[in-house]
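Asker: My structure is below; once you've seen it, I'll send some questions.
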Amino acid sequence: EAAKGPDFLYALQPCNPSSSAGLISLGCVDFYPKSVSVTWKAGDRTVSGQTWESDKGQPVLYSASSLLKLDNSVWESDTVYTCEVQHSTNKTTKTISKVCTLCPCQFRSCLDVTLKPPRVKEMFIDNRAVLECIITGEDKAVKEAEVTWMLDSVQETDKITQTGPEKADHLFRKSSILTLAVNDWEGGKTVKCSVQQKGGPTITKTLSFGQKGTTTPTVSIQTPSPEDLNGKSEFFLLCLVTGFYPKEIYIMWQVNEGEYEEGITGEPVQTGDKYSVTSLFRVSKVDWDKGTKYNCNARHAYQKGSLSVSPLRLTPLYLFLFKYLYFSLFT
C-alpha cells in the first residue's frame, strides 16, 4: 500500500490559569506506514514529550498522539513550542504559544461583547435612551449566551428586546436592547450588560452618563455674507459642532422653533482625541429676508438636553451700525 502522510487532528494548549501544570497535546491521524517520530522543542531547545501510536483498523491506517507536560511558570514565560512530526521522508511542524486560540470556552471567552451608548436620535425625538449590547462569536456560543441588565445594583427585566442571532461575516451576532427613560440615563445611573456564556466566564460591560473622559460639544452657525447672497434664491446655513467625545451625536434643525427637521449631516471626524461634525440646512432667501428664525440643535449622548444656536444675521442695517461703531471707536 502506498505511503500516506498524517493529517493533524488537533493542537491544544493549556488555558486554565488556576491549574498548577499545563499540558500541550498534538494529535495526528490517518498515516501509513506505522513508523512516525514526534519531537518537541521549547524555542530552539529539544524537550521530552510522550507519544502513543494506535492501529485505526480498516483500512490499515494509524494514528498517534503526543503530550508535553509543563508547569505554569514555564508556560507563562511566553516560550514558543514546536512539535515536529517526521513520517517517511516528510516533516511537518505545528507551532504553539501562550496565545489561547484553540482552548475550550470554559477557560477563555468565546464571545466578543460591545455595549453601545444610547442612540441619540431616540433621546432627541422620543426622550428615550436605547442601549444595545451586541454579542458576537461562534454560532453555538452566541445562541446559548444569556444576557442580564443592571441599572445601578437593580436588575432590569422590563423593556428589553432581543434580535438575532444572525450571521455576520464568518461569525454570528445577536443583540439585547434596553430602553430607559432619558431621565434614568441622565440621572447618572450606571448601566451594566453581563453576558454569561454556557460553561464559561461572565463578560460585563459598563456605561454611565457623564463618565470620565467624555466631553460635550461647542455649536456655532456660519452664514454667507449679504454680498454672497445677491442674486440667489436659496442658500445653506452651516452648523459646526466641535470638541466632543465619544462620537455619538445627533443634529436637528428648527424653523421658527417648530418641529425638528433633519439637515444634511456628515459623519463625525476625529481630530486628536475629539470629534467634529458639520450639518447643512437649505434656506429660502425670501424666508431669510422675512426674518425667519433658524436653530441648529445638537445633542450628545453624554450631555443633558441639547445645545441650540441661531445664526447672527448680517443684515444691511447690522452692517451699517457695525461700520458706524467701528469708525467711531477706531478712527
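Quick reminder: no glycine exception, Cβ is built from N, Cα and C everywhere.
Sharing the feature lines straight out of TrEMBL:
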- 6-97: domain 'Ig-like' (DOMAIN)
- 118-208: domain 'Ig-like' (DOMAIN)
- 217-308: domain 'Ig-like' (DOMAIN)
Asker: Which residue counts does DSSP give the domain 'Ig-like' (217-308) for helix, strand and coil?
Answerer: 9 helix, 51 strand, 32 coil
Asker: Could you tell me the mean pLDDT the prediction assigns to the domain 'Ig-like' (6-97)?
Answerer: 66
Asker: What is the three-state DSSP composition of the domain 'Ig-like' (118-208), stated as helix, strand and coil residue counts?
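Answerer: Reading the DSSP string over the domain 'Ig-like' (118-208) gives 18 helix, 53 strand, 20 coil.
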